[in-house]
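If you look up TrEMBL, you'll see 34-260 marked as domain 'Aminoglycoside phosphotransferase'. Sequence annotations record features per position, and here TrEMBL assigns active site, proton acceptor to 193. Per TrEMBL, Mg(2+) binding site is recorded for 198, 211.
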């Protein structure tokens, strides 16, 4: 019988990495709602890293994240470096560098205005990348198809809907989503899940994007809506939403904000 490694925190490692990580201490992470297992890897004499693992199926996103991290690196955008990948026993694995600092939701060093400025500037920089150079399609046609597939597969948790939609079925909310679809898209390279925990800051400077599996060409409001919602969640009210748009350089479109918040209910 194999003796469990007390340093892996209950997370089995792929055989291909066990020798390289034999002396590492694994610290599992609890934040986030993805289907992936995530752990911080403390390696003696080396910088910390993160390991991410996910079952390979029709709704897996880790392969998407690996491709996007490599693309971001090629564009000179700050993001984790892919150290190694492997597949074993029906799971996909990613070992990536750890970015310095804290995420924007937990950074102890930032005043609210600093946080808002960093968030707006990081998104504006990402959105300035040329759309034609991005190979990942996250336009509404693609996202609505993915949302419908998740509804049909029973992967949308109706108990987790925002308060105003509690009690409705996933099918009812999807019908509302389709009926409120915007008639145009202002396309940029979008992060896809631009909430505060997915942007990192170190020594008062933006240090990179994490959880990039949904990055791709999409309406800029895909990011602005989730960023604004995250500010409300973090501070308990809406007072920092207007400064976000002012710093970013846009006038808030309430209908598009509402639509992209609604779209996120399915993911």
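In case you wondered, yes, glycine gets a Cβ from its N, Cα and C as well.
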(message) Just to be sure I understand the packing, how many Cβ atoms besides its own are within 10 Å of the Cβ of residue 198 (Mg(2+) binding site)?
(response) 22
(request) Check residue 211 (Mg(2+) binding site) against DSSP and tell me helix, strand or coil, would you? (result) coil
(request) Provide, as an integer number of angstrom, the distance between the C-alpha atoms of the residue listed as 'active site, proton acceptor' and residue 211 (Mg(2+) binding site). (result) 8
